[in-house]
Amino acid sequence: MDSGAGGRRCPEAALLILGPPRMEHLRHSPGPGGQRLLLPSMLLALLLLLAPSPGHATRVVYKVPEEQPPNTLIGSLAADYGFPDVGHLYKLEVGAPYLRVDGKTGDIFTTETSIDREGLRECQNQLPGDPCILEFEVSITDLVQNGSPRLLEGQIEVQDINDNTPNFASPVITLAIPENTNIGSLFPIPLASDRDAGPNGVASYELQAGPEAQELFGLQVAEDQEEKQPQLIVMGNLDRERWDSYDLTIKVQDGGSPPRASSALLRVTVLDTNDNAPKFERPSYEAELSENSPIGHSVIQVKANDSDQGANAEIEYTFHQAPEVVRRLLRLDRNTGLITVQGPVDREDLSTLRFSVLAKDRGTNPKSARAQVVVTVKDMNDNAPTIEIRGIGLVTHQDGMANISEDVAEETAVALVQVSDRDEGENAAVTCVVAGDVPFQLRQASETGSDSKKKYFLQTTTPLDYEKVKDYTIEIVAVDSGNPPLSSTNSLKVQVVDVNDNAPVFTQSVTEVAFPENNKPGEVIAEITASDADSGSNAELVYSLEPEPAAKGLFTISPETGEIQVKTSLDREQRESYELKVVAADRGSPSLQGTATVLVNVLDCNDNDPKFMLSGYNFSVMENMPALSPVGMVTVIDGDKGENAQVQLSVEQDNGDFVIQNGTGTILSSLSFDREQQSTYTFQLKAVDGGVPPRSAYVGVTINVLDENDNAPYITAPSNTSHKLLTPQTRLGETVSQVAAEDFDSGVNAELIYSIAGGNPYGLFQIGSHSGAITLEKEIERRHHGLHRLVVKVSDRGKPPRYGTALVHLYVNETLANRTLLETLLGHSLDTPLDIDIAGDPEYERSKQRGNILFGVVAGVVAVALLIALAVLVRYCRQREAKSGYQAGKKETKDLYAPKPSGKASKGNKSKGKKSKSPKPVKPVEDEDEAGLQKSLKFNLMSDAPGDSPRIHLPLNYPPGSPDLGRHYRSNSPLPSIQLQPQSPSASKKHQVVQDLPPANTFVGTGDTTSTGSEQYSDYSYRTNPPKYPSKQVGQPFQLSTPQPLPHPYHGAIWTEVWE
């Protein structure tokens, strides 16, 4: 095909178009004596129908011989691609300086820079047989439809011509051959090299010898790994003494047409006998080497063996026919055969190192062997992606900047971005993105690109607006998939060109001006300004005024500054406000305008009270908040303006507990709330404006304090020092003790959970998590006898929860005959850490034995003392009865000693004055003979206050021989039953409960006449209550049946009430 530009078509050029649908189109120019190959018209029409649509990415491949003269036509894109000859703009994006493109026809020509296949950088490190490819890109813009440019990718396959002569590395080649060499032995001759490829490379070798060597030597060419290896074959017996060297000529010729040839002198030196040649362990070696390996890194070690001895077996290793690049990068140890790195290895420059290693012995006539070594260079992620940004279509770039009008359509291409990575595999898989929040995105320009080389269109995503953003700095980031990944960035500045698309905009669409009445004419009311986001004349503004009918003739405006003046005096009583319309027009073409409204309010006097937004405020806050914490916020408004609307807030009817911030209306507390002390606060807020005279308003505020879990549960029963007898006959599931506790918090913070935290090694007992009732879960065995100390934990459900701990002593035995032992066990329990179970403790058992001995001694002393005390008491009581004239069985109705709990005891053990949970006392019994009863029992009369009823206190220390007081009262006294209430636990140290009566005389129960206490019966039960004044305690209570404890928060000594 002839060029319309005067160029000539490359005779051997061939076209291959790649794209959907895929097809191949070949054209051949007529050669000497041949005719041009023409396609049938039907096939041509079919190709036009099947040509790839403009929206698809297309690749075109041309095959061109190297060294073509300038202006040689390679191909016509318009004809080959199916575009019309007019209406399109063709632009060469990639391919200079070897190619040029006609902008109208799309014809591709060669340039003054000749395409030399051997000189192209892309083809210098190719493996034999690989094609030499020169890539180019052409953008095609439809000037008629003014659409986005299309990118056409193409390749020039540069075909080799025979322009290089094959040559040997040296004009003289020397071979040393021992004299005892067997006939048929082969000796390799160094290869000749030819820079051409394929058929134009080395094709044949020819040996030329003189008469003396013609019968001794021959040439044999072996095909080895796509190369022809010339070998000298020994055809006769050699005699060094007869002839020690021969000069031969070896000729090499390529396969070009016409062929090229050269020759070299082959000098054969005959050596003395060394009959064994070295032999490599393997005929060939393969190794992998990571690029950028350090100097001295071991690559591979070749090893050969020689059956000779002495110097003939000493092997020396050398490179054989190794290219210069191998000798520069690798080092071969002559003695060990170890190959190490001696230069920087870069896979991107050379991916495979192929060479031979010669092993030669040190004999007089050295023998040698050759092994092939192939080193594959492994890729390392040592190359960051490269990003190239250039213009596309009608958008040109200069100094890294592109100009584009703000009214362009969406998805307009601004630039062509090419991203590539010199690595391979995952290290070359590049991901490219636009960084930052900019209205631009990357769209893939070609679907045929590899992972290591991709092209994108940088296009807009939304309409551009000069008034919002005048320029963009687009940063493009490319990251490969290596480990660790490498990245690079490049940026493009896009300058947005302004068009008059914005109307003037006022600072405020509505401006309200307060202007006093009785003003002077000509005074300035306000200055109204507008702005235009455009630039130049598009932003020059002119102001005008369009007042409402009522304001016509009263106001005027400056066209240049927008200053509004009043022309006459205003009178508020005639009109309170005026509405003015201000127009601002720019000087663009066509002109755009904007409007604003000015409301002129005539000022008035202070005639409005402040007003709270609500008629009353109710806030809820958590207790224990730190002082100066906000508890609520109020809002107050004033219908006036200026100082008349400046409101000051203050707290009324308050003790300094609260303050208020005038700026925010926030109410702050000056104390930390405690709900248990006070749950509600009420006060008033006062608002006063700044008018003259001032106006004020009031509002009520209520603060409700919400509960926080700041109180731990406290144990009301039993005492830590109390105990209970548990006989082996106790039934399973029977309640053996009851733990009671209280919590001064509320809600879930006061919901209690009971659990046994320790002291239950045998699993005999279980506690109700909600009831606190301890029940027997296993049958009592002999090994279970003794004192069991249960550590009961009582926790609430607060977050975080709080807890209290109680000790429950259960004495498993048949009887309580040995009280001294029990008291010793209890003392040991109180001195034992809670994490030790006293039940089954060997040390504890030994203390029991020691207690038994001590009990025996004490029991004897107590028995004697009891007998003496009983005799004295009986005699004394009889004398008292005779003197008082007491008559048994007579009932008195007078209330002698009505118990009243003291004020201090009722407060319990809470330091913050929380509510007491003590039980209410039962109505007391009246007795007529007050003096007789007091003298008979030796009670100490104590009174809480002048108005309190007298209270009877039992003596705290009884002699060991004290009589059975229950039997004495039953037979000789008309007193009602006496109840002793078990003492509740104390928050301090250890607590003891006074046992006032001997074990044999103790009655346990609620006053039932059938209840038993040891061997005796009594009509009277007892109950202990805390006294107002503390006393010393010396005893411990015990019970034979299930107790019914009455919880009480008081601590101290026991006081007894006489009730009926």
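Including glycine, each Cβ sits where the backbone N, Cα and C put it.
Per Swiss-Prot, the feature compositional bias 'Basic and acidic residues' maps to 884-897.
Feature annotation from Swiss-Prot assigns compositional bias 'Low complexity' to 973-986.
Helix, strand and coil counts under DSSP for the domain 'Cadherin 5' (507-612) come to 7 helix, 49 strand, 50 coil. As annotated by Swiss-Prot, domain 'Cadherin 5' applies to 507-612.
Of all Cβ atoms in the protein chains displayed, 13 besides its own lie within 10 Å of the Cβ of N305 (N-linked glycosylation site). Residues or ranges marked as N-linked glycosylation site by Swiss-Prot: N305 (among others).
Sequence annotations record features per position, and here Swiss-Prot assigns N-linked glycosylation site to N403 (among others) based on sequence analysis. DSSP gives N403 (N-linked glycosylation site) a strand state. Listed in sequence order, V494, Q495, V497 are the same-chain residues at least 6 apart in sequence whose CB falls under 8 Å from the CB of N403 (N-linked glycosylation site).
In three-state terms derived from DSSP, N618 (N-linked glycosylation site) belongs to an extended strand segment. N618 (N-linked glycosylation site): 12 other CB atoms within 10 A of its CB, across all protein chains. The N-linked glycosylation site feature in Swiss-Prot is assigned to N618 (among others).
Mapped onto three states, the DSSP output places N662 (N-linked glycosylation site) in coil. Counting every protein chain shown, the Cβ of N662 (N-linked glycosylation site) has 13 other Cβ atoms within 10 Å. Annotation comment: Swiss-Prot describes N662 (among others) as N-linked glycosylation site, evidence class sequence analysis.
Per Swiss-Prot, N-linked glycosylation site is recorded for N813 (among others), and the stated evidence type is experimental evidence. A 10 Å cutoff on Cβ-Cβ distances gives N813 (N-linked glycosylation site) a total of 16 other Cβ atoms nearby, all chains included.
Taken from Swiss-Prot, the feature N-linked glycosylation site covers N818 (among others), and the record attributes it to experimental evidence. Its Cβ taken as reference, N818 (N-linked glycosylation site) is surrounded by 20 other Cβ atoms within 10 Å in the chains shown.
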Exercise. Looking at the glycosylation sites N618, N662, N813, N818, whose Cα is closest in space to that of N305 (N-linked glycosylation site)?
Worked result: N813
Exercise. What three-state class does DSSP give N818 (N-linked glycosylation site)?
Worked result: coil
Problem set entry | N662 (N-linked glycosylation site) and N618 (N-linked glycosylation site), distance between Cα atoms, whole Å | 19
Exercise. Quick one: what's DSSP say for N813 (N-linked glycosylation site), helix, strand or coil?
Worked result: coil
Problem set entry | Rounded mean pLDDT for the residues that make up the domain 'Cadherin 5' (507-612) | 88
Problem set entry | Between N818 (N-linked glycosylation site) and N662 (N-linked glycosylation site), the C-alpha gap once rounded to whole angstrom | 77
Problem set entry | Pairwise CA distance, N813 (N-linked glycosylation site) versus N662 (N-linked glycosylation site), rounded so that it is a whole Å | 75
